[in-house]
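According to TrEMBL, the protein has these features:
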ACT_SITE  HIS302  active site
ACT_SITE  HIS348  active site
ACT_SITE  ASP405  active site
Amino acid sequence: MFSRSSLVAKSLSRHVAAHQRRFASTKTIKEALGEVIPAKQARLRQFKAEHGQAVLGEVKVEHVIGGMRGLKAMLWESSVLDPMEASLIGIRFHGLTIPDCQKVLPAAPGGKEIIAESMLWLLLTGKVPTEAETRQLSRELAERGELPDYIVQLLDSLPTTLHPMTQLGMAVAALNKESAFAAAYERGIKKSEYWTYALEDSLNLLARLPAIAARIFRNVYAPEKPIASLDKDLDLVGNYVNMLGYGDNQDLTEYLRLYIAIHGDHEGGNASAHTAHLVGSTLSDPYLAYSAALFALAGPLHGLANQEVLRWQLNMQKEIGDNVSHDDIKEFLWRTLKSGQVVPGYGHGVLRNPDPRFIALQQFCETRPELLKDPVIQLVKKTYDVAPAVLKEHGKTKNPYPNVDAASGCVLYHYGLTQFKYYTVIFGVSRALGAITQLVWARALGLPIERPKSLSMDAMESIIKSS
Ligand code: CMX
């Protein structure tokens with residue numbers, strides 16, 4: 001076993017080595033970030049001084065008892081949702097819609113889809129990376145991507161019956177043993193240096209997620225199968241798909257590149273992003289903060305919905321058979337609703353239109369005729385034809401349209417990744433992009449520990465009486 005300081009020193013020296021090998025005259029992500037942080041710090045200071053007491057909205061009783069839905073109470077820069085904007089423009093990453101990103105963000109060599117690295121660069125710096133910056137970040141992540149031995153031992157010791165998300169959260173939490181942030185905090189560092197250590201941990205975390213996630217897959221679903229080594233010339237998702245054992249499937253690789261990039265950040269209020277932010281605000285290191293986020297993601301109303309969608313669609317197919325009509329689907333939807341269950345993959349806490357990420361994944365399918373012929377993908381499409389009307393008639397959900405999870409799993413299923421209990425792990429690899437962006441910026445901006453005020457029913461009643 002290694003001590004925390006020797007592990008930190010090892011990781012820092014690896015990082016320096018990566019710097020030395022960098023593409024001539026290309027900025028590293030740390031340098032690019034270092035350039036934009038001072039201006040944003042100054043802007044926030046000025047904003048707080050000038051408008052600290054300005055009112056942004058009201059707090060109603062329904063916010064307090066309704067999961068704070070719609071309450072404006074968090075600073076989150078990297079992405080913004082517009083509930084009403086149609087289809088693909090309902091989400092913007094630093095102002096760029098998904099189609100904008102598809103136009104301007106560099107893809108992998110030989111690929112077409114956005115990749116995690118170019119999306120991370122945009123989220124962190126607010127700028128579109130050059131091709132060389134993207135490649136440099138890919139290489140830096142690949143250099144950082146090997147798992148420490150104790151993580152491999154931990155993963156290999158877990159029962160294969162433990163849900164893959166539980167395994168992922170445990171391994172990510174255990175990485176805190178070598179946290180640069182925690183070690184530096186213990187030594188005593190200035191607040192102004194926090195972000196550099198948070199970035200160091202965050203990049204190591206992201207870089208190692210594919211190897212952790214692939215080892216979980218191997219242990220649970222493909223025991224004894226060798227795991228491919230990291231290729232320093234491949235992007236993060238290219239390496240992930242290789243390690244999963246599907247590296248020869250270019251279409252799956254491209255699909256996962258797109259899925260992981262566009263699923264990475266979705267404002268700050270969703271349960272996983274918010275959990276990472278809350279836990280990080282206590283100055284827990286990025287590993288602990290993101291591990292907590294993963295356990296929020298593991299709930300069926302949030303990230304686990306992608307496994308639930310597929311289970312639900314396959315049950316439908318099993319019950320009704322291959323020739324499913326729209327009327328059959330309507331009847332199945334009503335049966336689900338009348339039994340008190342939610343229709344997985346439909347509804348959203350913020351969006352009030354079809355999820356832009358759902359549309360982007362549908363478009364991916366539309367460019368590939370073999371996907372359109374797949375019975376499960378056809379079932380998803382047919383369900384989309386009728387579900388909004390059924391949910392409207394049911395009259396409960398504020399958003400009767402599909403969210404991203406309605407489509408994500410069926411494409412994986414088509415490509416042979418049929419182990420749907422694993423799907424949320426892929427979401428977990430993706431969601432790190434937004435969570436680590438916020439963890440680094442929260443430290444750069446000196447955001448405080450979160451501590452909203454809770455109220456008892458008595459307290460609310462007395463506030464209402466006295467007003
Ligand atoms: N099927 C049936 N009922 C639904 C529903 C659905 N798909 N979506 C919402 N409702 C119900 C809610 O359960 C709630 O019922 P109660 O009043 O009895 O509690 C009512 O409609 C109002 O809910 P809402 O305000 O429209 O939705 P919320 O903001 O409370 O919840 C979400 C949002 C996503 C949790 C919910 O739509 C849902 O459970 N969807 C199915 C699960 C799912 O697909 N989750 C993935 C979301 C994307 C992600 O986070 O990854």
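Backbone N, Cα and C atoms are what each Cβ position is placed from, and that goes for glycine too.
All TrEMBL annotations are machine predictions without curation.
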Inset, instruction - Pick the one among the active-site residues HIS302, HIS348 whose Cβ has the fewest other Cβ atoms within 10 Å in this structure. - result: HIS302
Inset, instruction - Report, as a single number, how many Cβ atoms besides its own are within 10 Å of the Cβ of ASP405 (active site). - result: 26
Inset, instruction - Can you grab the distance from HIS348 (active site) over to HIS302 (active site)? Cα atoms, rounded to a whole Å. - result: 10
Legend entry - Alpha-carbon distance [HIS302 (active site); ASP405 (active site)] in Å: 9
